[in-house]
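Noted in TrEMBL for the protein shown:
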DOMAIN    24-73  domain 'FHA'
TRANSMEM  113-136  transmembrane segment
TRANSMEM  148-170  transmembrane segment
TRANSMEM  182-199  transmembrane segment
TRANSMEM  219-237  transmembrane segment
TRANSMEM  244-267  transmembrane segment
Amino acid sequence: MAKLILETIQRGVHHYHKVDSFPVTVGRAFDNDVIIQDVTISPHHVVIDQEGDDLYIQNLSTENGTKLRKKAMGDERVKIEAPTSFQMSGVKARLLPIDMPVESTHVKDCSGFFCIFSNPLWAIGLLLATIAMFFYERYVTTPVPKEIFFYLNTVLPSIWIILGITVVISGISRISTHRWEIIPAISISALIFLLPQVFEYIGHYAAYLLTEDSVGLWLKYAAKFIVIPALIAVFIVKTIHAKWLPAAGIAVLVYSPFLAYQVLILVDELSLKSGFSEVPSYSQTLLPSDTRLNATISLDQFIKEADRETTRDVEQMLTEAKKKEQES
């Protein structure tokens with residue numbers, strides 16, 4: 001007599017029942033061999049039997065029925081082979097041979113990158129660093145001195161957003177692995193806010209150093225468009241044990257609302273960049289050491305270059321005006 005495993009899937013949770021004697025009845029009543037507590041399941045839903053080496057399944061439900069190979073079953077017995085799949089109302093089921101190979105064991109990787117973020121001390125440290133960054137950013141953008149409660153009041157909404165993202169990310173792991181991954185979720189939620197700001201600060205200094213703001217823009221949007229989805233993908237791979245390609249797809253899907261918002265901001269910045277600004281972007285962030293690759297020109301040299309550029313522009317405008325006058 002063949003030994004089989006009956007797998008049932010309810011609300012994403014897999015349950016396994018060993019089947020080593022026949023016939024086997026499946027249903028909600030307590031006198032069944034396999035009891036499934038789902039209100040859509042009939043008291044006696046299906047019966048699985050064996051005759052010789054042949055397996056048979058028969059539908060007993062008169063309410064919601066059973067589907068085999070996506071087709072509704074009648075009252076007759078149907079010959080099946082293991083493995084096979086069927087659906088009892090809203091509960092999916094599979095009949096599997098006991099020697100069926102299982103997936104390879106996922107090795108818990110606690111070396112290098114992700115082990116740091118699985119450590120509670122690192123999670124708390126990253127969260128505190130992010131909160132400190134919020135305070136610093138609010139402090140340097142406030143033109144007049146304020147009390148500590150003013151800065152606390154302006155920072156609290158950002159802290160609540162971090163906690164909300166933490167709940168969402170850990171909820172993904174709860175749905176997939178049936179456990180709450182709070183510590184990694186806190187770390188990655190903090191990094192979602194911390195890394196773009198760090199990249200932006202580095203970009204400001206690089207822009208001032210190189211007297212060119214394109215490097216800063218590349219760093220800023222690399223953090224928002226690449227680094228953050230990559231962090232979410234790493235979380236999914238390391239905690240849910242998904243493969244990299246599906247994890248990347250899920251990360252982009254989860255981040256897509258924020259991604260669309262960042263695209264709108266990027267379009268606005270590019271449109272404003274084409275307009276005139278009397279203050280170049282690279283001069284808005286000054287370093288106390290005045291460290292730049294390009295040497296500072298003297299005032300006399302600046303006046304000469306400005307006079308030369310102005311004269312050239314005026315001559316070009318006069319030439320265009322004469323051409324228009326001759327054409328008219």
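From the backbone N, Cα and C atoms, a Cβ is placed for every residue, glycine too.
Any TrEMBL annotation is an automated prediction that lacks curation.
Comparison of 148-170, 219-237, 244-267 by number of C-beta pairs under 8 angstroms to the transmembrane segment (182-199) places 219-237 first.
For the domain 'FHA' (24-73), the DSSP counts in helix, strand and coil order read 0 helix, 23 strand, 27 coil.
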